[in-house]
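Input: a single structure, listed below in structure tokens.
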Amino acid sequence: MVQQAPRLERHLTSPQLSRNQAKTIVGLAAFFCFANSFDGDFVFDDSEAIVNNKDLKPETPLGNIWENDFWGSNLSSNSSHKSYRPLTVLTFRFNYLLAGRLNPVGFHVLNIALHCVISILMIDVFAILIGGLVYDGKGKRLNQAPKASFLAALLFAVHPVHTESVAGIVGRADLLSALFFQLSFLSYCRSFQGSDDKFSLSWIFSSLILCSAAMLCKEQGITVLGINATFDILMICKVNISDMTKKLLHKGQLKEGSELLRRGFLTRMGLLTMGGSSLLYMRWRIMGTGPPAFTEVDNPASFSDNILVRTVNYNYYYSLNAWLLLCPWWLCFDWSMGCIPLIVSVIDWRIISVVVLWICLIGLGNQALNSGDNSTRRVLTFGLALLVIPFLPASNLFFRVGFVIAERVLYLSCAGYCIIVTYGISTLCQKCRKYKRLLCTSLLCLFGLNMIRCIIRSGEWRSEEQLFRSALSVCPLNAKVHYNVGKNLADRGNQTSAIRYYREAIRLNPRYVHAMNNLGNILKERNELSEAEELLSTAVNIQPDFAAAWMNLGIVQNSLKRFQAAEQSYWNAIKYRKKYPDCYYNLGRLYADLNRHVDALNAWRNATMLKPNHSLAWNNMVILLDNTGNLAQAEIIGKEALKQLPSDHTIMFSLANVLGKLEKYKDSESLFLTALQLNPNGANYHGNLAQNHTRSAAMLTAPQP
């Protein structure tokens, strides 16, 4: 299987490196670009996918990973995101077990290592796509385009658009999917070792298995079947699409048909089609209740009733994705919630970018189809295929997606972009031979700028504060950006600044119920109860099933002495979230204030049944029973609580008081002393212990009847 080296390889002026040298340089470049993210925190989506995901914990049955989505929710639930990525979750669980806890360093190190491996493997992928599938007499695959494949792989390794996938731990899904994508493609190529006419079924089945693994890491992995089919058509069958189309149109028949049959093309396409169909069918069955439900703020264009508006805006999104590949300077963790206003008028200047995008794509497509050079046609076609096909699941063409733009979905598409850029650099080297030194200098500057941008951007992903603030200049109209900055400030105790950002988020999106809820909570703590009630009431009117807002509204109404309204709000919260221990706890506090002691005890008991380690609910039950004279029952509840929370000094203190009143002074003293060991600064602990000693001494010195 001998093919001539492509023209672009001959015109490139990059140095000729050995295979190992090229891979070492690419791997090191990939490492240095993102190495400074290794000790970053869990940020943004990491909280839900990792920190709060029970599937990572050793005590959770391993089988749960295959029943739950990426975020740990059951796939049959209507609230599930339907992101089925069990292999990715398995690697998260591996990181957890390796460290014995949630240590972000191990997670980041593995992400960086995966990107280095993928970048190195890109040399082999690009060598085939650019230089062709060539073997020597011993069956060893040769690299016919060492300079071009090295250049393209280096461009891929240092592209800043990868930062979200590498520095963000949830980007592990994109990295693993890309790795199995590459392995599936290379396995498919391996099936043709030594001959165009014969192929190995075992390697094709291996490719399908690896495709399945890619899809179990992230749904985008199935697109490798499209790349394999494109490779088969262009590289193995050597089909000239333009010539074939002309023959079909003018002669109505195709002489090459029998040749394709002889090469086994239809057999291979049948296997790819059946494999892909089976994977899609299983994926649909796994989704259970159907596709996930997204809101208008997630992807506003997809909710437009006007098909023209949808089409124009989808194409505008494509142009922005292309711009991120071309100029990855303005990067943002989230592009939703008004970050990109809809195009609703034909005089909107942004339509120009759509026109420019399609002029470029049509120009490249025309060159790919009609170029007189076989290698040029092949390289550009592969570049466009690798640019477009992996992006299709995020294009809104087949189903609605839950985002406007997501930099992570460009991880694989960037490989196609790098092939096209490498072709462009080669063309410039050919046509501007007098300025090759200037071109080399410019190329070095491009690599340098990209590496600097990667280092800066991966540094911004080290903490939520830096990440959220970096988005303010990129997407100032994004309500979610202001919300996240406000939430981060509130978590660090800066309520005054947090209020400002929450108000701005609500101004930008007047229906932003989560911002209303958080702002209402802060105002409640600052005793600005009237505005807090107004905000929370607005939130539940906009979203009646917002259980947390109902509970917080109940707390505010309780503080305003509007007990009946507060009780109703609590029950509304429980109506929409059946298992809500905190709401039962607050409902118990309301009943205690109203001297409805039995109702209070029942509410707190419900809280502890739903959450056995609910310290406040246990403690309040003990205190209430103590205050009402039910000391025996208080003792029983207190001992039951300590079985669940053996190191809780507040429960020890309350139970010690009860035991003292029951004249069980030794047991009481023991609990007081243990509580003091856990909380040495508890002044009331010392006082009650002294009182217990006094009672005990009085008991001992009292005259016997």
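Every residue number used here counts from 1 along the chain in the order it is shown.
Note that Cβ sites are derived from N, Cα and C of the backbone, with glycine treated the same way.
Annotations in TrEMBL come from automatic prediction, not curation.
Features of the protein shown, as given by TrEMBL:
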- 290-362: domain 'DUF1736' (DOMAIN)
- 479-512: repeat 'TPR' (REPEAT)
- 513-546: repeat 'TPR' (REPEAT)
- 581-614: repeat 'TPR' (REPEAT)
- 649-682: repeat 'TPR' (REPEAT)
- 112-135: transmembrane segment (TRANSMEM)
- 265-284: transmembrane segment (TRANSMEM)
- 322-344: transmembrane segment (TRANSMEM)
- 351-369: transmembrane segment (TRANSMEM)
- 381-402: transmembrane segment (TRANSMEM)
- 409-426: transmembrane segment (TRANSMEM)
(request) Could you give me the DSSP helix, strand and coil counts for the domain 'DUF1736' (290-362)? (result) 36 helix, 0 strand, 37 coil
(message) Summarise the repeat 'TPR' (513-546) as counts of helix, strand and coil residues per DSSP.
(response) 27 helix, 0 strand, 7 coil
(request) Could you give me the DSSP helix, strand and coil counts for the repeat 'TPR' (479-512)? (result) 27 helix, 0 strand, 7 coil
(message) Which sequence-distant residues neighbour the transmembrane segment (112-135)? Criterion: at least 6 residues beyond either end, Cβ under 8 Å.
(response) 1-3, 5-6, 8-9, 19, 22-23, 26-27, 29-31, 34-35, 37-38, 141-146, 148-150, 152-153, 156-157, 162, 165-166, 172, 175-176, 178-179, 182-183, 185-186, 189, 192-194, 231, 235-236, 375, 378-379, 382-383, 386, 415, 418-419, 422
(message) Which residues of the chain, 6 or more past the ends of the repeat 'TPR' (479-512), have a CB below 8 A from one of its CBs?
(response) 44, 297, 332, 334, 336-339, 464-465, 468-469, 471-472, 518-519, 522-523, 525-526, 542
(message) Limited to the domain 'DUF1736' (290-362), I'd like the whole-number average of pLDDT.
(response) 90
(request) Could you give the residue numbers and ranges of same-chain residues that sit at least 6 residues beyond the transmembrane segment (381-402) on either side and whose C-beta is under 8 angstroms from one of its C-beta atoms? (result) 81, 129-130, 181, 219-220, 222-223, 226-227, 230-231, 234, 241, 291-292, 294, 298-299, 301-302, 310, 314, 317-318, 321, 361, 364-365, 368-369, 409-410, 412-413, 415-417, 419-420, 423
